[in-house]
Amino acid sequence: MDQFLITGRSRIAGEVTISGAKNAALPLLAAMILAETPTTLNNVPSLQDVRTLIKLIAGLGIRIEKQGDTVTCDTSTIENYFAPYELVKTMRASILVLGPLLARFGEAEVSLPGGCAIGSRPVDQHLKAFKAMGAEITVENGYVKARAPEGGRLIGCEFSFDMVTVGGTENVLIAATLAKGTTVLENCAREPEVVDLANMLVAMGAKVSGIGTATLTIEGVDSLQGCEYSVVPDRIETGSYLAGALMTEGDVTTKNTDPALLQPVLQKFEEMGAIITTGDDWIRAQMTGRPKPVDIRTQPHPGFPTDMQAQLMAVCCLAEGTSTISENIFENRYMHVPELKRMGADIQVDGHTAIIRGVDSFNAAPVMATDLRASMSLVMAAAAAEGETLIDRIYHIDRGYENVEEKLRGLGVNIERVNPVTDAAEADSLDD
């Protein structure tokens, strides 16, 4: 299993080009199933989750391929509506194929998802909405079996989500585009990735209003056609690299990004003492001295994003004073705390709140990545630490950060990917 070996005391500085957002690319790929003619999607990141979803879509008999950062999809060859456990178990977003399959073909069988250690993240809101649209839903042996009402078409309805759910909003929005009649969705997620999905659906011929608000109105159409579309830049990748500048008195410019998508995070960076400058498609963070302490509460968009919580906690660990972070989106999202404490951080967790007392520096230590965003917080902490840090289970970071070693090296981080099993085998061969 691969590990990162990072030699610390780096000053993170330079320019880095931001990739397309994984959290936008996945629902966009799923939405391609709706189109009766070929679709082209640009700025698609090369990530494990993307490869998994492409493999799942190809398993339906659909012609789909990725060349560079472009994915093309032709659904005319579809053979089945079945998403097996072997693929879905590794990634929660696989459930997003349920909506388009059900809406376009009237039936679907999709394994219940896996792939995430952050709390329960139930899919009940997806299923509840599909039932409200007339679908017959059964869950048997770990699979969701869905069938549209007689006539093979979902029926528009009024539905209010019991909680703000990004995946639920996306799945139901996708399905509603081909429903008979009008669907009104209340308490929708407003994340930029949801907006990106709605915009692509409109480009395919869908009729969606209220984009970017908590209420979406979708007038169903008979069919959707393919289009050419580009994935929105990854705001979380952007924030992650900028956070590195704050931890190392660095100077980082992120290119091919959108400052408008990251305002709550940039505001906190400025509170912590960073100088933030922006252009149409770039953000620069300059830092001198130690960060100032801040208080952070994760909230649905447009609040502070939960996906930046771990990275900001790592910055707070080096602040000159005491910070507090309240995690209000997911339970069990402080799994990185024990690992940061192994590196010398002073953190106490009480329920949903973490109290972080700043220390002068991190110390190198062997640590383990526990989820995607936690893994990046450990990478940045290791870059700031004194000595060599070995980070285990880095497959998490490969799920969400494209070309991460190359980008970090370009910013001055001394990072190497190592494989203990392979390295040991090579050492044994030298002894023969």
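Cβ coordinates are placed from backbone N, Cα and C, and glycine is handled just like the others.
The feature phosphoenolpyruvate binding site is assigned by Swiss-Prot to LYS22, ASN23, with sequence analysis given as support. The feature UDP-N-acetyl-alpha-D-glucosamine binding site is assigned by Swiss-Prot to ARG92, ARG121, PRO122, VAL123, ASP124, GLN125, ASP307, ILE329, with sequence analysis given as support. Here Swiss-Prot flags CYS116 as 2-(S-cysteinyl)pyruvic acid O-phosphothioketal. Feature annotation from Swiss-Prot assigns active site, proton donor to CYS116.
Local packing around the Cβ, expressed as the count of other Cβ atoms within 10 angstroms, is greatest for ASP307 among the binding-site residues ASP124, ASP307. The number of other CB atoms found within 10 A of the CB of ASN23 (phosphoenolpyruvate binding site), across every protein chain shown, is 24. Taken residue by residue with DSSP, ARG92 (UDP-N-acetyl-alpha-D-glucosamine binding site) is part of a helix. ASP307 (UDP-N-acetyl-alpha-D-glucosamine binding site) sits 12 Å from LYS22 (phosphoenolpyruvate binding site), taking the CA atoms of both as reference points. Fewest Cβ neighbours within 10 Å among the binding-site residues LYS22, ARG92: this applies to ARG92.
Comparing ARG92 (UDP-N-acetyl-alpha-D-glucosamine binding site) with ASN23 (phosphoenolpyruvate binding site), their Cα atoms are 11 Å apart once rounded. Within the same chain, residues at least 6 positions away in sequence whose Cβ sits under 8 Å from that of ILE329 (UDP-N-acetyl-alpha-D-glucosamine binding site) are THR298, GLN299, PRO300, THR306. In this structure the C-alpha atoms belonging to GLN125 (UDP-N-acetyl-alpha-D-glucosamine binding site) and ASN23 (phosphoenolpyruvate binding site) are separated by 19 Å.
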